[in-house]
Structures are given as C-alpha cells and as structure tokens.
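Visitor: Summarising the annotation, Swiss-Prot assigns domain 'SprT-like' to 22-163 and lists sequence analysis as the type of evidence. The annotation Zn(2+) binding site is assigned in Swiss-Prot to His78, His82 on the grounds of sequence analysis. Residues annotated as active site in Swiss-Prot, with sequence analysis given as evidence: Glu79.
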Amino acid sequence: MKTPRLPIAIQQAVMRRLRENLAQANLKLDRHYPEPKLVYTQRGTSAGTAWLESYEIRLNPVLLLENIDTFIAEVVPHELAHLLVWKHFGRKAPHGKEWKWMMESVLGVPARRTHQFALQSVRRNTFPYHCQCQQNQLTVRRHNRVVRGEAVYRCVHCGEPLVAG
C-alpha cells in the first residue's frame, strides 16, 4: 500500500501539538529538552513509535488521516512522553509508572497504552483459525509461525489451541 501524502495543514497541526507539549514539559520539569525529529513512516497497525537513541517519533500517516483530531490529541503526546521519560529517567518500562506520570502529571493527557482506531485500511491479510468456541483471525506473521511449527496460539476465552480453517 502506498503511503498517502499528508496535507501541510495536518503536518503543521501535529508539529504545533508536539511543540506545545514539549514546551509544557520543559516548563514543568525545568529542563530544555530538544525537539525530536518527526517522520511519517510508521506502517501497519501501530499509530506511532518513539525511537529513543535517534530521538525520533514515527507516526502512521494512514491512521493520522483517518483520525486527525484524536490522533493529534493522544498519539503525539503518547510518543513524546516515551522520549521525555528516556531523557529524564533513563531506560524504563515502556508504559511504566514514569511514563504514566509523564502523561498525566506533566503533559495532562490520559495515559492510554493503546489506541482505539479502526484498522481495516491498514490491516494486512489474515488467516482464519478456530477453536471450540469461536472463529479467530491470525496475521500473516503468526500464521507463518504456526506453519513452521514455531508457535501454537490459544484462544483467550477457552484456552484451546487455534486450528487453521
């Protein structure tokens, strides 16, 4: 799937939110953390990722275009919080107490670990699997692990192994 071009107004709104959150954090933490690099190269079902060593935030342009306001309000501060925790505390658990504190007390945003965006447009092919109680869909990666005998996946409801078909 080709990555969509993001309108400049959306890119500006993302950058504005990033700068507002960063300024707020620098003020509350009495620091002068630099602005991270912002790129729109995240693919798949992840809304964004924070790359600590390169001090970079990668955002998913497809999910951004489909969920502009919520994405800017939640995903941008979420990823920035990861970088700020790394700068302020060093390497910590990705969604640990330091990250939660950074989100809620410093940035003033609810600390949610996952997004609730519709994923139909970014989800790849899936393979049907079933157990005793329901039908399931496995991603290509998980399906290939089953085929190679590297993994067995179980139903979260009944605990039975998932079987292809």
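Each Cβ is built from the backbone N, Cα and C atoms, and glycine gets one as well.
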Visitor: For the domain 'SprT-like' (22-163), give the DSSP counts of helix residues, strand residues and coil residues.
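Guide: Counting residues per DSSP class in the domain 'SprT-like' (22-163), I get 54 helix, 24 strand, 64 coil.
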Visitor: For the binding-site residues His78, His82, which one has the sparsest Cβ surroundings, going by other Cβ atoms within 10 Å?
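Guide: Comparing Cβ neighbour counts within 10 Å for the binding-site residues His78, His82 gives His82.
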Visitor: Report, as a single number, how many Cβ atoms besides its own are within 10 Å of the Cβ of Glu79 (active site).
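Guide: Result for Glu79 (active site): 24 neighbouring Cβ atoms inside 10 Å.
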